[in-house]
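Taken from TrEMBL, the feature disulfide bond applies to C6-C15, C49-C58. TrEMBL lists 1-16, 24-59 with the feature domain 'EGF-like'.
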Amino acid sequence: MGTCQCGPGYYGHLCEHACPPGLHGPLCQLQCDCMNGASCHPVSGHCICPPGYYGTRCHRVCEQGTFGPGCAKACDCADDALCDPVTGRCLCSSGKTGPRCDIDCRANRFGPDCAQTCECANGAQCDRRNGRCSCMHSWIGLSCQEGTVMTNHTGIPPLSPLLHPHGRQVTGFADCRVGAEATFSLTL
């Protein structure tokens, strides 16, 4: 009975088995040198890169603006949005959303892909990039939750009636020095 001489990429008594993953060459004795989950050709040992990678060893990520097998597809993202090198999905920067990242966040949303909710009170505007509140006149605090009234040149601020700390109503005047600020907190 004769024996078979297996070509590169095969082994077994009848050369019936292809090299297992990670091996190549004559009798599958050579180790593949591929990276990032790439497979190697059982005969030549050349790396077959998965989507999102390129290079002789599949050691490089697709350049920004390209994606997919062989990095051959062009991304379609707006402005400065990054593109996933495997899927081509646009990764929106803060303040943007949508498939192309070309839609501004709604008024009460902020952050990458508009995933976070703003906590601004009393008509304050929310910065769509970082969630900071821009308080309306006479409101302060991180969420614009504290009311303030600036004194006028007479030193008497025109306030609406406020509750005294002991529960009785006061006239609405604060006794501050000229140029000083009277503050009060509101519970809404």
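Easy rule for this one: first residue shown is 1, then count along the chain.
Every residue, even glycine, has its Cβ placed from backbone N, Cα and C.
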_Cβ neighbour count (within 10 Å, all chains shown) around C58 (disulfide bond)_ = 21
*Using DSSP, how many residues in the domain 'EGF-like' (24-59) fall into helix, strand and coil?*
3 helix, 9 strand, 24 coil
*Run through the domain 'EGF-like' (1-16) and tell me, per DSSP, how many residues are helix, strand and coil.*
0 helix, 2 strand, 14 coil
_I'd like the number of other C-beta atoms within 10 A of the C-beta of C15 (disulfide bond), please._
15
*Whole-number mean of pLDDT values that fall within the domain 'EGF-like' (1-16)*: 87
